[in-house]
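Over in TrEMBL, the protein carries these features:
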BINDING   Cys88, Cys91, Cys129, Cys132  Zn(2+) binding site
BINDING   His121  Fe cation binding site
Amino acid sequence: MTKQFPSHKLTSVQALIYHSIQSKTAPQSAYEILDMIRTTLPNAKPMTVYRALSYLEDKGLIHKIRSNSTYTSCESTTHEGSALFLICQQCKIVKEINIKQSLLQVLRSLAQEVGFPSLGHSVEITGKCQLCSNE
């Protein structure tokens, strides 16, 4: 399930990039996004894409998958906790699951116990999705 058009005021470039990301089932790299938008904006530059991605991420409309530097649209309608990303190593699809505050607190406590106060809280688990596992 993906969100409808955001209530945030987006520039035409930001909206184009947001919709490009939403149209894909697997996360896209900045350069894959650049290639997609060049059909509409042939002179688009990498920095334009990176600026828009940064804005969209700051507004919570997309997520950066840190393990492979790709971007996916935010599927959550509530941001009560943090997101857990399940990443299929075969088809590259990403499933977003909300982490409850109680579990997030446990993870932060574990990090602090070993002298590692957490600043961010993106959790990614790789494996095979159900469809790929059945093949």
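From the backbone N, Cα and C atoms, a Cβ is placed for every residue, glycine too.
Those residues of the chain, other than Cys88, Cys91, Cys129, Cys132, with a C-beta within 8 angstroms of the mean position of the Zn(2+) site C-beta atoms are Gln89, Gln90, Lys92, Ile93, Lys128, Gln130, Leu131, Ser133. Reduced to three states, the DSSP call for Cys88 (Zn(2+) binding site) is strand. Here the Cα atom of Cys88 (Zn(2+) binding site) is found 20 Å from that of His121 (Fe cation binding site).
For the pair Cys91 (Zn(2+) binding site) and His121 (Fe cation binding site), the Cα-Cα distance reads 25 Å.
Residue environment of Cys91 (Zn(2+) binding site) contains 13 other Cβ atoms, counted within 10 Å of its Cβ in all protein chains.
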